[in-house]
Amino acid sequence: MKSFDGDCSFQVSSETERFLCERLLDHKQPISERFRALFSLRNLHGALPRNALIQATRDSSNLLAHEAAFALGQMQDAEAIPALEAVLNDLSLHPIVRHEAAEALGAIGLEHNVSLLKNSLVSDPAQEVRETCELALSRIEELMSTSISVSESSRFLSVDPAAPAACSSEVLLNEDKSMYERYAALFVLRNLGEEEAISAIVESLGANSALLRREVAYVLGQLQNKKASLALFQVLRDVNEHPMVRHEAAEALGSIADNQCIALLEEFAKDPEPIVSQSCEVALSMLEFERSGKSFEVTENKKDSVPFHAGTSSAAGVLLSWISVYEQLCLCYFLKNVQICRPNSVCLIESNESDPMIL
C-alpha cells in the first residue's frame with residue numbers, strides 16, 4: 001500500500017480520466033502500468049474514478065485488487081462503502097483483499113460501518129481479516145468519542161489504521177496488548193524516527209500477528225531507513241512468510257532503493273507467489289521512473305507535454321508530463337499556490353476555491 005493525502009487532488013480532462021480508468025482495468029497491460037493508472041486515479045474525485053477502483057477490487061491480480069480497496073479507503077469516499085462491504089463479505093476473495101476492504105471501512109470512519117465490521121470480526125475465517133476488523137472498529141470508536149477529524153492524516157501522508165498514542169516500545173512488542181494498542185505504539189515510534197525507535201520497530205517483525213508484521217514492513221518503507229534493510233531482506237526471502245508481509249517488505253525495499261535492495265527485488269520478481277513477484281515488478285518500475293526524473297503517476301499539463309503512449313488509440317490526444325511522486329505529494333501538501341519548477345518538468349499549482357492541483 002502507498003501513502004496518500006486525501007487533500008491532494010488534481011484536475012484532468014475527461015479524456016485523460018477515461019484513459020486512466022481503461023488502463024487500470026486492461027488485463028493486457030503490464031501490472032506496473034495498471035498500478036500507474038491506479039495511483040493516478042486515487043488523486044481524482046467523482047463517480048468514474050471511484051467505479052473503476054471498485055471494479056478493480058475484483059481483479060484477478062490480488063495485489064491490484066487489494067491496492068484498489070486501500071485507495072478507496074484513503075480517498076475516504078462514503079459512496080464506496082456498499083462495494084467495500086460486498087468485498088469484505090465475499091469469502092471467495094483473497095484474505096489480503098478482504099483485509100484492505102475492512103481497513104478502508106475503518107479509514108472512512110463512519111458509524112454506519114460498525115455493524116458490518118462486527119459481523120466480519122466474528123465470522124471471517126482469516127485471522128488477518130478479523131484483526132483488521134478489530135482495528136477498524138477501534139478507530140471508528142475513537143473517532144466517535146474524540147474530536148479527531150476523520151480526514152486527519154499523519155505527516156507521512158497516510159490515513160493510519162490507529163491514532164498514534166504516547167506509549168513505549170514495550171507496548172509494541174507485548175503480545176498481550178490489543179492490536180489497536182500495538183498499532184498506536186508503532187505509529188508513535190514511527191513519528192519519533194529515532195534510532196532506538198527504529199530498532200524496536202525492526203524487532204517487531206517477529207510478532208505473532210501477520211497483520212502487525214505487514215504494517216511494520218509498511219512503516220519501515222515510510223521511514224526509508226537503511227538499517228532496516230537486512231531485516232526486510234529476511235522477510236522477502238522467507239517463502240513461509242505470509243504473502244502480504246513479503247509484499248510490504250518488497251515495497252519497503254523499493255523505498256530504500258540501494259543497490260542491494262534493487263538486486264533482491266530483481267531476484268524475487270520471479271517469485272512463484274504472484275503477490276510477491278508483482279510487488280517487486282511494480283517497485284522496480286517505480287524506481288526506473290524516479291531515476292529518470294519522471295513520475296510513476298500520470299499527470300496532465302497544459303504545456304511542455306509529451307504523449308503518454310504513442311500509438312494507443314484510446315490515448316489519442318492525451319498529453320502528459322512528469323514530476324516525481326514524492327515532490328507531487330509534498331508540493332501539494334506544503335506549497336499550495338506556489339509555482340515550482342525543476343529541470344525537465346513543470347509543476348503548475350492553480351488557486352481557486354477548491355485549491356485544485358494541475359500538474
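Every residue gets a Cβ built from N, Cα and C, even glycine.
Nobody curates TrEMBL annotations by hand; they come from automatic prediction.
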Problem set entry | Same-site residue for Fe cation 2 (record: TrEMBL; known: H247, E248; options: E215, E267, E281) | E215
Exercise. Looking only at DSSP and grouping its letters into three states, which state does E100 (Fe cation 1 binding site) belong to?
Worked result: helix
For this session: Ten-angstrom check, please: count other Cβ atoms within 10 Å of the Cβ of H66 (Fe cation 1 binding site), all chains counted.
Result: 29
For this session: Any same-chain residues 6+ apart from H247 (Fe cation 2 binding site) with CB under 8 Å of its CB? Would you list them in sequence order, or say none?
Result: L63, I96, R214, I275, V276, S279
Problem set entry | DSSP-derived class (H/G/I helix, E/B strand, else coil) of H247 (Fe cation 2 binding site) | helix
For this session: Measure from the CA atom of E248 (Fe cation 2 binding site) to the CA atom of E67 (Fe cation 1 binding site) and give the result in Å, rounded to a whole number.
Result: 12
